[in-house]
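Asks: The structure is given below, and queries will be raised subsequently.
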């Protein structure tokens, strides 16, 4: 499907009136959001609701995923920017009166230990302000010492995205690995069972229904608690083409497949991304846990 055909009217959104005020606040605090960097279709809606996903580790990524709009380049040394990123995010969080924040990062294969420590320090500082923290992390090559640093900081949720089905993973995420991503969740479950585990993937990249069903089975087997599924929309001509736009009824069928596997919470729809309505999704999960405990 061509770039001009991939975003019909039904996959566009209005810009809420309060978007500019929220964006100006974040720009004033010198904070980068993955919402803007990746051209997320929900960035206007989430900003208007006081929801943000802050991007750390710089603005250049060491990986080159074929769906992502973030620049791939040799990044500046993490040690030269970490202190400022920490302070800017903390200041923005307090000024914006956030009570729930998602923190994510570019991949920093050049300094994974430094990135893990950076995640942990920011998490602790935000929690000290009474803010619930969700982390969306790269795979850190499944090094237990890095995962431990992050988990011990006490995030409520650790998310890591599988992004696509196993067959397409090598071409869409060439520097990642499908099984490695699944193993990350198994390791989290084994060592830190109280941390909520979350993952997302996109449809429209050329996957079959059978492959999607297998992906959901694999996610369930890896003890993932929250699943998010959305339509892939090509952010620019440099990324992978959209193969298919899913219909509303097809998304309903996808949601039924998720429900049938008894995940604790889910978000399924054309505009859904990993961090979309993250606070509300965690509330749904907690309500479901309470229901099961007393049911």
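Here the Cβ of each residue, glycine as well, is placed from N, Cα and C on the backbone.
TrEMBL lists these features:
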BINDING   35, 40, 46, 275  [4Fe-4S] cluster 1 binding site
DOMAIN    47-264  domain 'Radical SAM core'
BINDING   61, 65, 68  [4Fe-4S] cluster 2 binding site
Asks: Taking the Cβ of residue 65 ([4Fe-4S] cluster 2 binding site) as the centre, how many other Cβ atoms fall within a 10 Å radius?
Replies: 20
Asks: Whose Cβ, among the binding-site residues 61, 275, has more other Cβ atoms within 10 Å than any of the rest?
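Replies: Buried the deepest by this measure is 275.
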Asks: List the residues in the vicinity of the [4Fe-4S] cluster 2 site, defined as same-chain residues other than 61, 65, 68 with C-beta within 8 angstroms of the site's C-beta centre.
Replies: 63, 64, 67, 69, 70, 72, 106, 107
Asks: Secondary structure at residue 65 ([4Fe-4S] cluster 2 binding site) (DSSP, helix/strand/coil)?
Replies: coil
Asks: Quick check: of the binding-site residues listed here (61, 65, 68), which one has the Cα closest to that of residue 275 ([4Fe-4S] cluster 1 binding site)?
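Replies: With Cα distances computed to residue 275 ([4Fe-4S] cluster 1 binding site), the winner among 61, 65, 68 is 68.
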